[in-house]
Amino acid sequence: MRNNTAFEQFTLNPCEQIPLDDKHNIGFNKNNTPDYSSSASSDQLLKNDINRHEMERRIAFLNRKQALFNAFMHDSSSSLNTMESNIEKVNGLFPNDNSVIALKPNEEKLNSSLSVENNDSTYTDATLIAPKIGLDRPNINAITIDVDGHSLQNEISSSTDKLSPSQSDALFEQKQDSLFWNDNAVIVVSDSESDDNNVRTKSSLNDHDKVNMKEKRNLELAFMNSKRKKLELPSLPVLSTAGPSYTNSLALPPFHHHNNYKMFNTTHTLEDDKFLQGKGTSNNPISLSDEEDNEINFQNKRYGSDSVILPGGLLHDSKLPEPGKHLFHLQWYHDRFHNIEGFNLSDSNNQKVQDDQQQQLEELFKDLDEQLVNDPTIREGTPAGLIPTLMEHQKEGLMWLKRLEESSKKGGILADDMGLGKTVQALALLVTRPPESKSVKTTLIITPVSLLQQWHNEILTKIAPSHRPTVYIHHGSSKKHKIAEQLMSYDIVLTTYNVIAYEFKNKMAYDKSIEDNAPIKKFEHLPFFEAEWYRVILDEAQTIKNRNTLAARGCCLLESTYRWCLSGTPMQNGVEEFYSLIKFLRIKPYSDWSSFSKDFTIPLSSNINTSAPMKRFRGLLKAVLLRRTKNTKIDGKPILTLPPKTAVKSETDLSSSEMEFYNTLQSGAQIQMRKYLQEGTITTHYGSLLVLLLRLRQACCHPWLIVAREAAVDDNDSFQAKNRAIYNQIYPEAVNRLKLIETLQCSLCMDVVAELLIIVPCGHFLCRECLTHVITSSEDMAKQTSNENISPKCSVCEEYIDTERLLSYALFRRYSGMAPIVDADNKLRTENISELLPKQYSNILENRQMGMKIFTDPKHWTTSTKIEKALNAVKEIIKKQPTDKILIFSQFVSFLELFTVPFRQEGIKYLMYTGGLSTAERNQALINFEVDPNVRVLLISLKAGNVGLNLTCANHVIILDPFWNPYIEEQAVDRAHRIGQDKPVNILRIVTNNTIEERVLALQDRKRELIDSALGEKGLREISRLNTKELSFLFGMSSR
């Protein structure tokens, strides 16, 4: 436990130290009741009461902020890195508050110069720096401290040369005091020349305790220098005494009621402590305050100087940004300061900017209650031209779609649960609202490549011939049109996210050539960005969840009248991913990242007092998103009435040898995790940590999974020579790019994975399953068109893929001289793990010449605890329900392959469905599974089977290993539990005790509870990228 004594002695308690109104001599009696004995006017007394109320709230807030920091430090080490990390964390929670936690220097180690070193001997603790409370403060210009050796006093003196001696002394006093707001010492101008280095304390107006001014200045300079080091500034703009200064006028804020939203017309300032709770407009900061309502707003506030830093969190990027570029918590401009939303505090234009945002918010929340029509008597029927009859919830959805297109939003997000007919509702909209102009008539539909043909079939089968649009598919070898006019001659154009990403990349290259006045090597038309679309529809819109990808940036750049997102899971990896959809839809003001992150991303990621920002977020969702689940009721009845679904968790213990192997792996992983924690390098080693977690999860299934591919490798000289030759063919710029990647994210499915394959020579990478899918899809196309020249292409740059020139990321690290995926001194390197294998599993090493074939060879095959558990469950189902079919899901294809041996031995007929099969093979497997009564089991990989399949012929689901995101599992289960299912569905989750799997399930439960309770019925499917606490929990290093 950390000793916080040094920190606690800096506790701010200005109630006892600051008179409330120095001008009017109004203060408090000893029992803290107002003293009305003075001759102050009633207005002044009213102001005194209000100031006292606000001061008490402010003090309570600061105490909570300090207590929060103590709580962060409670279970932490006392190292400088840990302290800095916790300081950044706490400061980041309150970006609009002008108090700040800062490092407190050890005065014995300080010298009077500005060159304070950032090391443990200099900084020993932390301190809370806060402005004076309850006093009107003058608007004093900030001081710039030059680090070339000029002293603070010389700097101040140089700015007061033109003033009289008394004016200069007074200004020196004010400026010096303004620099360090939290201490009890105030610098005053001494009456005697020999006493000018003394100060008096303000614990009492009559006390004159002497404190050495030099020590105080050293402390101030140490704090400022630490900020300068964080910013890498040659000089530091000092914190000024800026903040709201209230006049005698007092008024309640005007506000408008829009349902339960209060839109306060207020000006956000550096310190707006009238809105600590954070309700009302997006301007309001979050707080730990217990206050529920904010009734009072002061007008006519005064602002500080241009050169100020809002101390609302340390910068994540230590480099100075370019002018006008936004940062995470803080925005820095060369000539002036802007607040977190980008409003210029010292510009006369400020009010206009806020008025514009107020109008944008009013437009966003306009007519919320009228958007959904629940009255069946006024609900429109199936539109002419649509073949299927719409279900009632689809009719309701169509009216919502039409209403949003007719509003200022001109689009939104249809987020109905899987199987509720998002596609048919979108087609109904196309039929109902055709374009009025022939020049702008084309609807662009962007979809994953696997759904292209499905969309085409839906259009042909769902829209009547009398209304049927002309359709063009722009993908692969079928891309016959190169200019915008050709595309715009069709009613509907179907394409993929990869095509948009590729064209956006070309656009960036073209724009750069124009900017640099460089010769253009090859002119290419950019038809998607040159066209003016009537409507753009993103199917599986979560594909653009990462706002920085080429696909996301390209989609946002498309020009269209109407814009729609279709997605059953609009968020999967954090609130910030929802921003990408909002940006595409151009929903103001939140299409601006600074506004979105300030109002939602930062406060919702803090997990502290998220009630107010969550309410605002739900308001945003209600304004632009429609979501119904299978259990949603319409006209008093559920949308769908399905057979019951029963989920059972089957817990099992690993065998003693399996558990010994697992514990050894976990111990090594914990050592590595602690090392990254101590170094503060969790983010940069995120990929390595995923590998460690992957190995723990694999060990719960079967020890072979960990060393399977390594054991299958012929690690002789010829193998090394061949792969090094492949490595040498990677473009040099690609090698440099690969060395800098921090997160192993597949460029096609966007999942963060532990195993990537690098395409040579372009250096782009895919996960093994996606790469296999790209190759097999190309082979399918070649067969369908009888064109043997069709070859697979990279999904990023569309360079041809040579299947003989693929390199694993692990080998790339070896050949490029990078460190192994874990450190060389760690026991978790592959060769060491192989030595740790229990004896009964070591035959995979002894028979490495068999490669992956050993997984399906009965002579060498070895079972595991989890295989036996699943096998017994399958046999029990077959015995009791001889006609039922079973789906078995796993994230690991090689684990599914291990089941083929016992199934053959037991005479259980099965089929496989993985990304490694061609499209034709997968389709045939589904047909055979449905029509052949003898086929009882379908072994299916989680990635291949969680979208786009109808498997209602099965009513038993076995999940072999839990996934981080519970909603991915639920999507897989819904392959069986959907329209067409006529039997009860039984789900069996096999979990090993005392392993990472228990912690994954606990993490799932916490996430599900948080999301479903916060975002309503079933909620949106948001699972955060694993943070440090979650990683520690998964490695078994913390209890929660």
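Using the three backbone atoms N, Cα and C, a Cβ is placed for every residue, glycine included.
Range 746-798 is the one annotated as zinc finger, of 481-533, 693-745, 746-798 (source: Swiss-Prot). Same-chain residues that are not part of Asp416, Asp417, Met418, Gly419, Leu420, Gly421, Lys422, Thr423 yet have a Cβ within 8 Å of the Cβ center of the ATP site turn out to be Gly568. The Cβ neighbour count for Gly421 (ATP binding site), using a 10 Å radius and every protein chain shown, is 19. Of all the Cβ atoms in the protein chains shown, 18 others lie within 10 Å of the Cβ of Gly419 (ATP binding site). Other Cβ atoms within 10 Å of the Cβ of Asp417 (ATP binding site) number 21 in total over all chains. Cβ-based neighbour count (10 Å, all protein chains) for Asp416 (ATP binding site) stands at 22.
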